[in-house]
Every structure is written in structure tokens, then in C-alpha cells.
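Straight from Swiss-Prot, the features:
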{"type": "BINDING", "residues": "Gln87, Gly105, Glu106, Gly107, Lys108, Thr109, Asp494", "note": "ATP binding site"}
{"type": "BINDING", "residues": "Cys925, Cys927, Cys936, His937", "note": "Zn(2+) binding site"}
{"type": "COMPBIAS", "residues": "901-911", "note": "compositional bias 'Basic and acidic residues'"}
{"type": "REGION", "residues": "894-944", "note": "region 'Disordered'"}
Amino acid sequence: MVNYVLRKMLGTKNERELKRLRPLVARVSELEPRMKALSDADFPRLTAEWKQQVRNGRPLDDLMPEAFALVREAGVRALGMRHFDVQLIGGAVLHSGRIAEMKTGEGKTLVATLPSVLNALSGRGVHVVTVNDYLARRDSEWMGRLYRFCGLTTGVIVHGLTDRERQDAYHSDITYGQNNEFGFDYLRDNMKFRLQDYVQGELNFAIVDEVDSILIDEARTPLIISGPSDESSDLYYRVNQVIPSMIRDQDFTVDEKSRTIVMSDSGVEKMEKKLGVQNLYDPNAIETLHHVEQALRAHHLYRNEVDYVVKNGEVLIVDEFTGRLMPGRRWSDGLHQAVEAKEGVKIEAENQTLATISFQNYFRMYSKLAGMTGTADTEAEEFAKTYNLDVVVVPTNKKNVRKDSEDVVYKTEREKFGALCDEIETRHKKGQPVLVGTVSVAKSEVVSSLLKRRGVPHDVLNAKHHQREAEIVAQAGRKGSVTISTNMAGRGTDIILGGNAEMMAKHEVGPEPDLPMEGEAEESFLARKQEWARRLEETRERLRGQTATEHDEVVALGGLHIVGTERHESRRIDNQLRGRAGRQGDPGSSIFYLSLEDELMRIFGSERIQGLMSRMGMKEGEQIEHPWLTKAIEGAQKKVEGHNFDIRKNLLEYDDVMNQQRRSVYRLRRMVLGFGAGVPVVEYDEEPKTRKKTRREQVFTWGDQREHVLDLIEDLVFDMVGASCPNRLSDWNLDGLSSMVKEQFGVEMKFAPPSGKAADARREIEEQVYAVVEKAYRQKEEELGIGPDGEPVLRRYEQWLYLQAIDQQWKDHLLSMDHLRQGIGLRGYGQKDPKQEYKKEGYEMFVQMTWRVKSAVIGNLLRLQLVRQETAEEIEQKRLAAQRRAMQRITETHAAAAGDGEEKPRPKQETVVRTQPKVGRNDPCPCGSGKKYKKCHGATEAAV
């Protein structure tokens with residue numbers, strides 16, 4: 001009651017926020033006459049002046065009204081588009097690092113230009129993240145006209161670019177790109193052998209378009225870079241041959257809700273007999289068990305034409321959220337190979353993880369993150385908890401008049417498809433455009449074949465026909481058009497009633513000439529380009545009149561009609577489909593046709609809904625519309641959303657452990673690459689509670705590298721002496737210490753029996769060993785001499801050996817962590833919290849890994865023997881050749897949705913875990929603070 005009264009008096013939080021932003025809109029409008037008076041040349045001049053002012057310390061917030069007013073006028077001059085007042089509000093929300101919920105058709109693409117120009121003034125880059133390559137290209141070219149008018153540069157990151165092209169794109173003021181490409185560039189950069197080969201630069205400010213799709217829907221699937229392992233494909237074929245003999249509900253059970261399969265005792269016995277294995281659960285047969293489980297999942301959970309398609313002898317994943325094919329992406333953990341065996345195509349080698357990151361942890365690295373979408377408010381809590389992002393609902397420019405009908409439900413799919421085809425045919429005959437939304441490729445093909453039989457002309461937009469995507473969507477609002485789409489989320493092209501004259505003109509005229517023909521003179525090529533531009537403008541003008549007339553006719557018919565063939569597992573996706581109609585105050589309507597055989601109803605809501613329908617006395621062939629039913633269906637969707645949220649939360653909790661380790665390793669790697677590079681290494685320190693980031697940069701010299709290597713030697717000596725010389729003198733093992741020193745450092749040492757206090761004697765031995773090893777290090781330095789750059793040659797070998805050690809040990813550590821993750825679920829049976837166990841053991845394994853890195857670097861360094869003195873250039877070429885070899889063998893994948901199956905132990909190699917791990921005192925602390933261990937957790941533990 002109190003909250004209700006306060007809301008009435010003060011307004012909701014969203015209303016208060018909108019009220020707070022209105023003075024900004026008024027100020028921008030006041031500045032409009034001043035901006036109109038500027039010449040075109042004044043725009044880049046003002047931008048350059050503001051850049052200098054920001055460098056001199058002027059806050060961006062201080063410049064916001066002027067910058068927004070400049071961008072608004074630039075939009076008019078460069079694009080013929082003026083930002084509405086509500087778009088200015090959206091721009092301010094994005095600049096403040098929040099999510100702007102703006103309905104479909106409200107011009108989100110144009111809104112992004114406001115904070116992009118303002119934040120580009122910092123000179124530290126702005127990334128605009130889209131859901132596909134087409135939108136990245138389109139928006140960078142389209143909005144690029146506005147940016148260039150303001151004197152700013154634009155780049156685009158899409159699949160297939162070279163590193164040089166990527167560097168150029170990232171060096172632009174504003175960079176557009178697809179979400180996966182940004183994440184993979186980060187991972188690839190941290191596998192490079194020179195800082196100058198990094199492409200991405202700083203993660204300063206990101207604006208994520210369709211933010212709910214990228215940061216929530218796709219957050220279940222981490223990005224993985226992997227390389228081929230040595231495993232044979234024979235076992236996949238053998239297991240696949242015997243899977244058909246397994247009988248569902250007798251030999252195994254399938255839980256489609258949790259996407260898991262469990263074998264019964266009879267199923268296990270059958271597989272053991274068929275495969276000639278004595279005990280599938282024997283540690284030596286655990287790999288075979290894993291193959292069996294993945295083969296069962298491939299046969300009974302992953303379906304052709306729904307989860308993947310087979311094209312040109314290759315299994316291509318279908319993105320479940322957008323319906324697009326994902327060439328080059330593979331499911332991990334042997335699942336993709338199991339599907340290949342099932343479909344009878346060539347099995348590609350299974351890959352080992354080399355680098356991985358979740359979308360949550362990638363995007364949380366940005367200093368400032370913002371997003372925009374038509375549907376975010378329903379997920380506001382998750383955005384706040386996971387990304388520290390608030391959602392502001394921006395009002396529409398014109399009132400939404402779309403009519404949304406209650407769902408119509410039938411008992412069977414056959415009845416449902418018949419009824420919805422009747423609806424489509426009736427609307428088509430009237431001339432009203434219809435957009436049909438389906439949840440899979442297979443369902444879109446079913447609707448298409450039914451409409452063909454009725455003679456209803458239509459276009460199909462799914463993973464098989466995505467090449468014509470923009471063209472099809474652009475014409476979906478034309479009179480009499482029928483368009484079938486697997487998923488309208490993120491399609492990104494507005495459906496304009498009467499047709500899109502711009503897209504129609506481009507289709508009619510054809511693509512712009514981009515390269516001269518063989519032997520063609522430059523004058524001829526330029527003339528061809530000019531002729532193309534003339535024809536495009538001529539065609540555009542002709543079509544504008546045609547589409548304007550058609551627009552009025554379609555409005556009179558009721559606008560675009562949306563027909564949903566099934567409820568998606570997320571209410572947001574349904575709302576996005578509905579949101580395609582009724583843009584900018586246009587009329588429109590929507591209705592969903594459902595059946596009890598639909599996947600969502602069958603798995604999550606069938607019994608309750610069937611009971612409701614039985615009580616209403618529904619018979620075969622009858623339809624029902626009722627608010628109770630709509631609520632029950634929404635309840636089923638909420639169940640799925642809750643389940644998916646748990647999966648994302650689970651993934652994040654596990655990945656947070658890896659994230660701290662990954663950031664620590666990558667930070668160390670960048671420091672090593674920075675030694676002697678002469679360029680600053682930029683790092684961000686994050687305050688854990690607020691996630692506020694502090695930027696710092698540091699230049700590392702060759703002298704810093706020498707100091708660092710001596711620190712590593714000190715750490716190793718400290719560890720060895722500590723292990724051999726505990727607190728009781730009677731437990732000392734000096735012979736063992738001599739052997740360890742010989743093995744690690746290659747030097748002979750004998751130690752006299754200790755006397756006095758153990759601590760003093762131990763310190764004396766530490767100093768003895770360190771002095772001997774430091775002398776051996778200096779001798780190695782003198783032996784290799786001074787290079788042409790005036791620095792000891794040893795420096796470059798140190799750096800090379802250090803990078804090799806980090807990369808090899810990190811790769812092995814990722815494999816060990818994979819195995820730990822797969823088996824950790826069984827700890828629950830022993831009354832232990834699997835996550836806590838994973839965190840504890842993962843930390844211990846990480847500590848061991850850092851010790852192995854130090855041991856490998858120093859051991860190899862002191863044993864280094866050169867047959868021939870190599871130049872710095874030759875050493876550099878070796879590193880680059882190794883980098884090229886590594887990059888040629890990698891594969892980028894989206895993992896199968898985390899949580900798709902039960903976690904099972906799958907040890908390929910045994911990991912020895914010390915019970916009392918020691919971190920080197922000068923190592924980066926594994927907690928990810930960026931401090932040395934001895935000044936962070938090391939100091940705490942020493943005090944204890």
C-alpha cells in the first residue's frame with residue numbers, strides 16, 4: 001500500500017528517470033538553430049576541437065547537449081533523418097551505461113549515433129555490437145555517412161577479415177561488428193606473439209544492439225577456440241552403429257526439459273555386449289561411455305532441420321535464436337562428431353580447448369557497457385545482477401495501435417496448420433501483408449508446402465535462404481505479400497508498409513561496381529560507378545511514388561498482420577515477432593495459433609492446459625480462445641525462462657572461476673610481450689562490488705624483464721628450500737634439495753648439516769642457492785653477448801621461452817579444468833557443494849600451473865645451448881612462424897548449450913593436486929587483483 005501511494009505521488013522509477021532527462025532534450029532543441037547555421041566544414045572542425053578539450057580533461061557529460069545537437073543536424077544533412085526527442089532520451093540512456101528499451105521501428109540504429117559520436121571524442125574507441133555480419137556492414141555504411149560528416153572514421157568487423165583489416169577497423173573512431181567476432185578477436189589476440197599483432201585494442205565503450213538476444217539468450221553458449229587433438233574417429237562410427245538397437249524408455253530415458261539422457265541397467269549391459277567392453281564405468285572405459293552418451297544425445301535430442309542442417313556433406317548448426325546457419329561453428333565435447341556419425345558425413349577431428357570465454361565475462365570487461373532492444377524490461381533483474389545494467393523504457397514517438405488477439409489453441413498440429421493457412425489465405429486475398437513466424441526451419445518448410453498446395457505465393461526466410469534476407473524483409477510490408485520467417489529477432493530491417501523503396505531500388509539496379517574489370521581504364525570504371533549511382537537515384541524516385549500509394553492502401557487494409565505458428569520458449573521472442581507490426585503509429589495486428597502437440601506445450605505445459613481444455617468440453621477440430629489459456633501458456637514460458645536463467649547463472653558461476661585465472665594469465669602474457677616493446681600495456685583494475693574499472697598503462701623495459709626473471713628464480717628457490725627444509729631440523733632432506741637444485745637449475749650444490757634455529761638456517765640456504773643460480777644466470781647472459789640493439793641477446797630468448805611455457809601450460813590447464821568440470825557434479829553425491837569444490841580444486845590446479853610455468857622458463861633458460869648465434873630478427877621470425885602455425889589449426893566454436901547434459905567424469909589424464917599449494921611471491925595473485933601474490937593473498941596467508 002505504501003509503495004502504491006509513493007508511486008502515485010512520485011511516479012515510477014522509470015517515469016522519474018524520463019523526467020530527469022527532459023531538460024537535456026530542451027537544451028538540445030535550444031541549440032538547434034545554432035547548429036543549422038553551421039557550414040558543412042564546421043562539423044569536423046568542431047569535432048576536432050572537442051576531442052582536444054576531452055584530452056585536456058573536459059568531461060564528456062559536459063559536452064553532451066552540444067554533441068547531441070551537432071549529431072541531430074548531421075543526421076539531417078548526411079542522411080535526411082532528424083533525431084526525434086525520444087531518440088535523444090535513448091541516446092542519453094546509452095551514454096550513461098544503461099539499456100534503452102525502444103520498440104521496433106523507433107530508430108535504434110539512428111539512436112546509437114548520439115552516444116557513439118560523444119564517446120568517440122575520448123579517442124579510445126566505441127564498439128557497436130550487432131547480431132550478424134549483414135547488419136554490421138549495413139549500419140557501418142549507412143551511419144558511416146553521418147560519422148564522416150562529423151569528421152569521424154568508421155570500421156566494420158565481420159567474418160573473413162585479415163588481421164591487418166581488423167586492426168584498421170579497430171583503429172577507427174567507431175567500430176561496428178558481430179558479437180562473436182568481438183569475442184573471438186579478444187581470444188585470438190591473447191594467443192599472439194607480438195603486441196603489435198593485437199587487433200582489438202581497448203575495451204572502452206560498447207553499445208549492444210538486440211542486447212537481450214546477445215547478453216541473455218546467447219549467454220548460455222561460451223565462445224571456444226580449439227585445436228585438433230590426436231583422437232581417432234573410429235570409436236564414433238562404432239558407437240553410432242549400435243545406437244539404433246537401443247530402445248527408448250527401456251534401455252534409456254530422455255528428459256527433454258533438461259536435455260539429458262540416462263541409460264538403464266539393461267541399456268548399459270546391451271552397450272557393453274555390443275561394444276565388447278567388460279564394464280562401461282571402469283576408469284579405463286570412461287571415454288567409451290562418454291561416446292555412447294553423446295551418440296544418444298545426437299540421435300534423440302538433436303534434430304536435422306531444427307538444430308542443424310546437412311549441407312554439402314557438412315553438419316551446420318542452426319542458431320536457435322535467429323534461425324541462421326553458423327558455418328565454421330561446432331558443438332564441443334564430441335557432440336558434433338556424434339552428429340556427423342549419425343548423418344553419415346565425414347567426421348572432423350575432435351578439438352582441444354585452447355581459449356574460451358563466456359559472453360557475460362567478455363562484455364563485463366568493457367569500461368562502459370550499454371544496450372538497446374525492443375524487449376528488455378522483462379529481464380531487468382538479470383541485467384542488473386549479471387551486468388550491473390539498469391533498464392530504462394523509452395516512450396514511443398507515436399502511440400502503438402496494434403491489435404494483439406488472444407492465442408487460438410487446437411488439440412493437434414494438423415488442425416492448427418489447417419486453421420492458420422485458412423487465416424493466411426483469407427488475409428492474402430484481401431491484399432493485407434502477412435508475416436508468419438515459426439520456431440524452426442522444419443516448421444517453416446511445413447507451412448510453405450501447405451501454402452504452395454493452396455496456390456498462395458510467399459517468400460521463405462530461414463537458415464536455408466538467408467542470402468536474400470534483407471530483400472525479403474524489406475518487401476514483407478507490400479500489398480498481398482506473405483513472408484514466412486523462422487525467427488524475426490534481430491533481423492534488423494524495418495518492415496515498411498507499402499514496401500521499402502531504398503531496398504527495392506538496390507535490388508532492381510543491382511550491386512554497386514566495386515572493382516575495375518580486367519583491362520578496364522580508371523576513367524571507364526569511374527564512369528560506370530557514376531552511371532550506377534544515377535540509375536539508383538532515378539529508380540529510387542520512381543519507386544517512392546509507387547510505395548507511397550501502396551502504403552495508404554495497406555493502412556486501409558489494417559496494416560501488417562502477424563501470425564505466430566507456435567509460442568517460442570521466450571516471451572521476448574514472441575514480443576519481438578509481434579513488434580514487427582504497428583511501427584511508428586502504423587496499424588497492425590497479431591495472433592498466435594497453437595496446439596497441444598507444440599514442443600513448448602508438450603514439454604512444459606501440456607497436462608495443465610489439457611485439463612483446462614477437457615473441462616471446457618473441447619472436441620476434435622474445435623478451437624478455443626480464453627484469457628485463462630493465455631495465462632497458462634505464459635506460465636509454461638516462464639518455466640522455460642526460469643530454467644534457462646538457471647543454466648546461464650550456473651555457467652557464469654563456473655566461468656567466474658576460469659575468468660579470474662584467464663585474466664591473470666592474459667595479464668602476465670601481455671606483460672611478457674610488453675618487455676622491450678616500447679609501447680604502453682593497458683590494463684584495467686576492477687573494484688569487485690561496484691565493478692568500477694580504473695585504467696592504468698605501463699611501459700615495460702628489457703631491464704624490467706631481467707628483474708622479473710630474477711624474481712622467478714627467487715620464487716623457485718624459496719619453494720624448493722621450503723619443501724626440503726621444514727620447521728623441524730630433523731625432517732630436513734638436504735640430499736633431496738641438492739637433487740632438486742641440480743634438476744631445476746643444472747648446478748651442483750652440497751649443503752653442510754644445519755645448526756642453530758631452523759628459520760635462520762633455512763634463510764641462509766636460500767641465499768646460498770639464489771647466489772649460485774643468479775651467478776649461472778649472469779654467466780649465460782655473458783655467454784650469449786650483446787645484440788645489435790645494445791641489449792643482451794638472452795632477453796629475446798627469455799621472452800620466447802616464457803611465452804612458450806605460458807601457452808603450453810595454459811592449454812594443459814584448460815584440459816585439466818575441462819575434466820574437473822565434467823566430473824565435479826558427482827561431488828554432490830558425497831554431500832559436497834560441486835561449485836565450491838570446483839573453485840577450491842581449480843585454484844590449487846592454477847597454482848601448480850603457475851609453478852610449472854616458472855620451472856619451465858628458468859630450467860630451459862639455464863640449459864640453453866646455441867649451435868649458432870641467431871639475430872633478433874631470426875628469433876622474431878621463429879615466433880611469427882609459430883604463431884601462424886597455431887592460428888592455421890584453430891577452430892572457433894559455440895559450445896553446446898551449457899547444462900545440456902549431466903556432468904560425468906571423463907578423465908583423459910591424471911592431474912596431481914598438491915594439498916598445500918604455494919604461489920610464487922612475485923606471481924600475479926590468482927584472485928585477479930593484478931597485485932603480486934606477496935602483496936595480496938600472500939600477505940594475508942603469511943599473517944595467518
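The backbone N, Cα and C atoms fix where each Cβ goes, and this holds for glycine too.
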* List the residues of the same chain that sit at least 6 positions away from Lys108 (ATP binding site) in sequence and have their Cβ under 8 Å from its Cβ, in sequence order, or write 'none'. => Gly90, Ala100, Met102, Asp209, Met372, Thr373, Gly374
* Structure fact -> Counting other CB atoms within 10 Å of each candidate's CB, the least crowded of the binding-site residues Glu106, Asp494 is Asp494
* Structure fact -> For the binding-site residues Gln87, Thr109, the largest set of other C-beta atoms within 10 Å encircles the C-beta of Gln87
* Structure fact -> Taking all protein chains shown into account, the Cβ-based neighbour count within 10 Å for Gly105 (ATP binding site) is 22
* If you measure every Cα to Cα distance among Gln87, Gly105, Glu106, Gly107, Lys108, Thr109, Asp494, the residues said to bind ATP, what is the biggest one in Å? -> 16
* To do: Across all the protein chains here, work out how many other Cβ atoms are within 10 Å of the Cβ of Gly107 (ATP binding site).
  => 20
* Asked: For the recorded ATP site formed by Gln87, Gly105, Glu106, Gly107, Lys108, Thr109, Asp494, which further same-chain residues have Cβ atoms within 8 Å of the site's Cβ center?
  -> Met102, Thr104, Leu110, Val111
* Work out the three-state DSSP category of Lys108 (ATP binding site). => helix
